[in-house]
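Marked as domain 'NADH-ubiquinone oxidoreductase 21kDa subunit N-terminal' by TrEMBL: 15-97. Positions annotated as domain 'NADH-ubiquinone oxidoreductase 21kDa subunit C-terminal fungi' by TrEMBL: 108-165. Here TrEMBL flags 1-20, 161-180 as region 'Disordered'. What TrEMBL lists as transmembrane segment is 38-55, 67-85.
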Amino acid sequence: MSDTTTIPKPLERKHPYPLIDTDPTAGRVLAYMRPTDYAQWAGYTAGTPALLYAWEKIDRTGGRMRPYMYTGAVLGCVAGFFVAYSRSTKRFWGWTENEREVKRDYEELSERARQGLPLWGESSQPEWVQAVAHRNSQYSALNLALFPMLNLVNHPYHGKDPKSYGTAEIDASTGDKKAE
């Protein structure tokens, strides 16, 4: 048996639109939300109490509706956030149309590369914590309503070649710059 271990490359997936990031941080997902995402979030927030009110008019319970309306608004707000966050994340993954996000991402990260800054931000966490955070949060938006786990840690593992932004290649296994 060999003493060397090889790190397998991630599975190449084909999507209809360009990949921006396989594990975007929550801040980037929120910053890249479109007005339609916010409108959908607001629709869920307002629609849930409105639906409860309509049901009360159809089949009266005779009780006070105010607590149900507050609860419905909170649940609608949380559900709307999950839907809006998922829609924005799917654009990062290239699953839905993302032309605006691709341009914005390229401009922002190319500027960071020109300034010599780390593309995806600085992290005070040790490497192993960054790797664990990446493994736990990558594609976690698929189960957001079941187990909300957002990426809150900056790390170098994003499924995108840093050379595309004009920077030195980074070793995906260690996060260090590779020697040319």
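Glycine is no exception: its Cβ is also placed from the backbone N, Cα and C atoms.
All TrEMBL annotations are machine predictions without curation.
Within the chain carrying the transmembrane segment (67-85), a Cβ under 8 angstroms from the stretch's Cβ atoms is held by residues 26, 29-30, 33, 37-38, 40-49, 51-53, 56, 141, 144-145, 148, 150, all 6 or more beyond its ends. A mean pLDDT of 81 is what the model gives for the domain 'NADH-ubiquinone oxidoreductase 21kDa subunit C-terminal fungi' (108-165). Helix, strand and coil counts under DSSP for the domain 'NADH-ubiquinone oxidoreductase 21kDa subunit C-terminal fungi' (108-165) come to 27 helix, 0 strand, 31 coil. Broken down by DSSP into helix, strand and coil, the domain 'NADH-ubiquinone oxidoreductase 21kDa subunit N-terminal' (15-97) contains 58 helix, 0 strand, 25 coil.
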